[in-house]
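Participant: Structure below; questions to follow.
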């Protein structure tokens, strides 16, 4: 960015205004849409929703580190759908109008297994997608995370809260990677006039979650169906809020189509302790299963709950599916994949 200096003061030129042609494309009926990480859990549900609009062409880029072609099998071969095996740490050259940038491992098991790859995906991957957005004049949405708030001292968390974070912890490759990704998004917006949207997504659950990915809802349901004890990490009073995947997808699409840059919290403000969640899974799925306390992992936040006032106000969005309604839908999917019939 150019700057001028006179009389000891420095002024910085404002970013260039996006061209009217760039803005006009976001109101056209035919859209070419790129979804990075589209073979993953949330990404594949987003693809399903986007493909319901017969005027959308959807391109998915995924390296299958945590995603699976099985999540997209009903669209493979469809004339409006294209699947590319691609790692976002390498540049991608496609012509698109919108970019949903979801690519990144979201489970502690996966991002602790390869922390360097995780932070490269967040930083270099986001740089590459911003470069693509700049080249083709696309609007880009980043799925950031509630993890940017760290172990919050403010509860519930609003978008204005800067967080209480550990930049060198075992989870930092993910948490700090997303914080850098948000920084890059706003820097490209200010310097190059890129149309950006940032969603801070909170814990999400539903069908197609990886069965053994280490996240608490999938852990509990898989353990219950296998007849294993539900392992609650001590002390069990730590809280999370759980958003059903269809609600999450609706929130992301409203943010993309709206005129708000964000960041905006997308999540369900219903708050549960880990013991309460385990008891709910036990009640709904396998009442005779044991609940067992185990040692906690490092850097586990004590509480997490979104303030969604902004999403309600500017997007007209709030979640509809309650936890007791969503868990049986996820149970049905897990039963099929684990081969455990309902008795």
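Note: Cβ is positioned from N, Cα and C throughout, glycine not excepted.
For 174, the entry in Swiss-Prot reads active site, proton acceptor, with the evidence type similarity to another entry. What Swiss-Prot records for 62-87, 174-178, 215 is NAD(+) binding site, and it gives similarity to another entry as the kind of evidence. What Swiss-Prot records for 2 is N-acetylalanine, and it gives similarity to another entry as the kind of evidence. The annotation region 'Disordered' is assigned in Swiss-Prot to 1-22.
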Participant: I need the least crowded one of these binding-site residues (62, 70, 82, 176), counting other C-beta atoms within 10 angstroms of each C-beta.
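Facilitator: 70, out of the binding-site residues 62, 70, 82, 176, has the fewest neighbouring Cβ atoms within 10 Å.
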Participant: Hey, does DSSP put residue 62 (NAD(+) binding site) in a helix, a strand, or just coil?
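Facilitator: For residue 62 (NAD(+) binding site) - judged by DSSP and reduced to three states - the answer is strand.
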Participant: Counting only residues 6+ apart in the same chain, whose Cβ is under 8 Å from the Cβ of residue 86 (NAD(+) binding site)?
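Facilitator: The list for residue 86 (NAD(+) binding site) reads 61, 62, 63, 92, given in order along the sequence.
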Participant: Residue 74 (NAD(+) binding site) to the residue listed as 'active site, proton acceptor': how many Å between their Cα atoms?
Facilitator: 31
Participant: DSSP three-state call for residue 176 (NAD(+) binding site): helix, strand or coil?
Facilitator: helix
Participant: Under a three-state reduction of DSSP output, how is residue 86 (NAD(+) binding site) classified: helix, strand, or coil?
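Facilitator: SS state of residue 86 (NAD(+) binding site) = coil.
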Participant: I want to check the contact list for the residue listed as 'active site, proton acceptor': same chain, sequence separation of six or more, C-beta distance under 8 angstroms. What comes out?
Facilitator: 104, 105, 106, 108, 111, 118, 119, 122, 145, 147
Participant: Could you tally the C-beta atoms, other than its own, that fall within 10 angstroms of the C-beta of residue 66 (NAD(+) binding site)?
Facilitator: 20
Participant: If you draw a 10 Å sphere around the Cβ of residue 74 (NAD(+) binding site), how many other Cβ atoms fall inside it, taking every protein chain shown into account?
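Facilitator: I count 13 other Cβ atoms within 10 Å of it.
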Participant: What is the number of other Cβ atoms found within 10 Å of the Cβ of residue 78 (NAD(+) binding site)?
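Facilitator: The answer is 13 other Cβ atoms.
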Participant: Look up residue 70 (NAD(+) binding site) in the DSSP assignment and report helix, strand or coil.
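Facilitator: The residue in question, residue 70 (NAD(+) binding site), is helix (DSSP, three-state).
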